[in-house]
Amino acid sequence: MYHLQIFPTFCILWQKRQDWKPLEDRRCTDIPWLILFALFNVGMLFICGFAISTGAASRLISGYDSYGNTCGQKNTEIPGIESSGKDQTLNKYVFFLDPCNIDLVKRKINSVALCVFRCPETELQTYDDLRKFAFTNGSKLCSYEVSLDRYSDDPNKATKCPKLPVPPSKSFPVFHRCTPADISCYAKFAEALITFVSDNSVLHRVITGVMTSKEIIMGLCLLSLVLSVIMMGVIRFISALLVWLLTAIVVLGSLGGTGVLWWLYVDHRVSANSTLPATELQVAKDNEKALLIYAIAATVFTLVLLLLMFFMRKRVALTIALFRVASKVFGHLPLLVLQPFWTFLTLMLFWFIFIEFILACQQMTVAGAVVTYYFTRDKSQLPLTPLLSSVMSVMRYHLGTVAKGAFIITLVEIPRLILTYIHNQLKGSENGCARCMVKACVCCLWCLEKCLSYLNQNAYVATAINSTSFCTSARDAFIILAENALRVATINSVGDFVLFLGKVLIVSCTAFAGVLALNYQREYTVWVLPLIIVCLFAFLVAHCFLSIFEMVVDVLFLCFAIDTKYNDGSPGSEYYMDKALMMQLGAQDCRKVDRQEGGLVTMAIKHARLRSSG
């Protein structure tokens, strides 16, 4: 959640005003942008195909020998290189004369490579075995220029033929490399690694600790996952206590800090009036002036804070109500909990190439599901799987809108990344002014990107409600948010801090459980790395879950603002909102819906007031 500060100039602001009609008309939006996105993908495929066809990408899959021949195909002779240009159509596999000779620094096999018809599946102990294997299978395992009858007496057989005994090997899947079946031949590599670890006692203890406590680490990671799910469930009940406790701590801290500053000012003033040496008296007077300024500033801050708390107390209650309704949304839409996993798997599937676009699809999907929940009066009439229905709706109607929103974010993000790179390159220069200007530009672009992301998210919500184009949705969402600026500020500040406390609570509980669990491993004293791994994973999981919760709260607020703007609770204009949100509208608005609810709202208000007062 971010404060709304700007409105993108990409959109047309003078379009005809459109009333909100939730879920009444579903149609395709931003078709030209969908066409542009499709053409972009076609162009990318063409570029990739051209690179593959002209860039010898087949050498990566099929492999090649030490003479430049690609295995499994005809080759063109390379001038100046002996044994190049051979027809290797039948020889599809790469065979290494010494597959266990690994260069740890260059990360490659120091061995002559040949293209062979078949990998040796049994151990070959003598040069006669090599010759028999060649006669039987058509695979010459010595270099191309060595004839079969010279395998035993060739003077260069130590370098031109494989190292004996030749271990049995199998072809590596897809990449057609002959790989030794017995991995013990890589003992030198393992020995070098073990030697490196044993030479570094600290690293040795750390790695040993991670390996010996791997079950505990996995259990603690699972615990963080469970705690995140529980937090989303119980936040409905602890949100009010947490918010008001936080408010009380901030107010009391401000009052206490202001009181201490005034007490210090009075104490220094008394000391300055006493008999002191001239130098100490001047220092005391300077401190007195500074404390007076600090005390006045703290007083002004405390008064402003108290006024804000007084005027925003109902809006804080709205934040609490939105949290409670968000918990109910997850009760009706349990698949929302798995949304972070689906998004991550999708990003992995596409190798993070379309990360702007995929995250926008996630926002649109969540928005569509929550909007469907909010604007369905009878919750029993919800689709069987609202989240999957939202996915299908996005795929069918709104991919163009998603592409346009992702493109706008990309327009801001690319220059920011370029400027960040330039800033890093200027670190060693003496031009401090240039570095400062570049850093200021990077910060401005970062703020612009965050504001646009927040507006994009609300534009997706508007599209999910009215099925309007991106610019129209962004304009309508901007108007609604501007009319509810104080509510937006309260939800952004209070809501974000509450969710941050939730993340801290999950990480703290996981870390505490980790300390207790690792305490039983007294033989291992270095707990730093396991705890860091567990805490990072716990924060990542908590962030993923509570970010979805945060997104749901944002969508609910926009729906609530639209509901209160276009409905008043009278017959024919009934509210869509949950009763927990109705409570925040006040008794006057709730009386209007009493006729359709049979007085239940008024009774609920009285009951709530009685509970709060007694």
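Placed from the backbone N, Cα and C atoms, the Cβ positions cover glycine too.
Between the stretches 241-265, 341-365, 441-465, TrEMBL puts its transmembrane segment entry on 241-265. Same-chain residues lying 6 or more positions outside the transmembrane segment (241-265) and placing a CB less than 8 Å from one of its CB atoms are 288, 291-292, 294-295, 298-299, 301-302, 305-306, 309, 316, 319-320, 494, 497-498, 501. Listed by sequence, the residues of this chain that lie at least six past the ends of the transmembrane segment (497-518) yet keep a Cβ under 8 A from its Cβ atoms are 213, 216, 219-220, 223-224, 227-228, 231, 235, 239, 242-243, 246, 319, 323, 524, 527, 530-531, 534-535, 538-539, 541-543, 546, 549-550.
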